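Peer 1: The annotation transmembrane segment is assigned in TrEMBL to 12-34, 40-61, 73-99, 146-164, 185-205, 220-241, 325-343, 355-378.
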Amino acid sequence: MQLIKNNKGSLLMLLGVTLGGLFGVFFGDLTVYVKPIGEIFLNAMYVLIVPLVFLSLVNAITSTKEINRLGKILSTTLLVFLTTAVVMGVISYIVVYFYNPFEGIDTEQVRGLMGEAAQQETHSLGEIIVNTFTVSNFLDLFDKSHLLQLIFFSIFLGIALILVGEAAEPSIKVIRSANEVTMKLVELLMKVAPVGLGCYFAYTIGDLGTQILGGYVKSLILYIVITLVYYFGMFSLYAFLSGGSKGVRLFWRNAAEPSLIALATASSSASIPANLIATKKMGVPDDIAETVIPLGANTHKDGSVLGGMLKIIFLYTIFGKDYHSISQAFIVIAVALIVGVVIGSIPSGGLTAELLIVTLFGFPLEMIPAVVIISTIIDIPATLLNSTGNTVCAMLVSRIVEGKDWLQKVDI
């Protein structure tokens, strides 16, 4: 019962999607009558995404002034987070290179429902860089198709507010207050997400037929397999690199509780207390543990990188784009990293990730609901990788900051 209570949001979302899928299978054309409910939910989501990204990022940056004092610990932590994210990105790309779980979906039918992709144009490298990071008009920043540009603007604005100092405090207070209001709106909207998403999914299945379901099931199975391999294999390797066989024993002796809490709550934030206790039992110094774990709850998202890879491959498959070339490999991995590392730090960032992926690759916005389903079904195993991975990352940071003998004083 505690598992159900703690995981209520994700379970209701899964229930809504499941019932919507069944409704679509059995009632077919009748699902057109519930489509408007789904569209109302999606429009409300689109309206909130821009202020959510802007306010939450600026608020997060202006709230972390004390991190500047941590120096080497912070820089090492970010380096470790980025390294493990790259490792996950490469592993996930190699897997989908040889096995695409979405093969077999009738791509023509999906495109017919969702709309044609935007016309792909050839741009120089310079144009791509300019268009990716900047806009020519300030108001264009607040268009949902320019999300990445808004993210960079928000980061620089947050830094500027910190540098201004006391004179910026009134502005920071306004942003903090507006962020709380926006988060409350998101919270209210997510209460009806099972109904809204379920209705739209019912229409999608009713119009497409049951074949699209097979792709989702295969992607979930693939995600779980990769999760288990990464959890037991790569976490053991990271622990070994941190402290040899002693590090491996320390990690697995203390990893069970934070892992179970991550599975039960599907929340990296809710797992922070257990992760802090576990890392200290693993011999991680207090100042490192108290930096890595809270920071990791927001920015260490290996599971989200894997999820981002599946979403990208889903869209590539639907629109017949090849991802097997070297250039595409770099692009796909890079976007998956952005989805996991950057968007992972934004509350309700999964919804933002779909929008970012779709707009960066020029796919129609109508594809977002189909991609959101992937986020829903992988939520729990993704949290296991994201959250429990913070503990082994704390061990890696300790190894780099404290030196190779950091575990000698730890009794096991």
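Glycine too: its Cβ is placed from the backbone N, Cα and C atoms.
Caution: TrEMBL annotation is automatic and unverified by curators.
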Peer 1: The transmembrane segment (325-343) vs the transmembrane segment (12-34): three or more C-beta pairs under 8 Å (separation of 6 or more)?
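Peer 2: In this chain the transmembrane segment (325-343) does not contact the transmembrane segment (12-34) - fewer than 3 Cβ pairs sit under 8 Å.
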Peer 1: Going along the chain, which residues at least six beyond the ends of the transmembrane segment (220-241) come within the CB cut-off of under 8 Å?
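Peer 2: Residues packing against the transmembrane segment (220-241) from afar: 84, 87-88, 91-92, 95, 99, 101, 247-248, 250-252, 255, 259, 302-303, 306-307, 310, 377-378, 381-382, 384-385, 388-389, 392-393, 395-396, 399.
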Peer 1: Please indicate, using numbers and ranges, the residues of the same chain that are 6 or more beyond the transmembrane segment (146-164) and have a C-beta under 8 Å from a C-beta there.
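Peer 2: Result: 49-50, 53-54, 57-62, 65, 132-135, 140, 171-172, 175, 338, 342, 352, 355-356, 359-360.
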Peer 1: Name the range, of those listed as 12-34, 73-99, 355-378, that has the largest tally of Cβ pairs under 8 Å with the transmembrane segment (185-205).
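Peer 2: It is 12-34, which has the most Cβ pairs under 8 Å.
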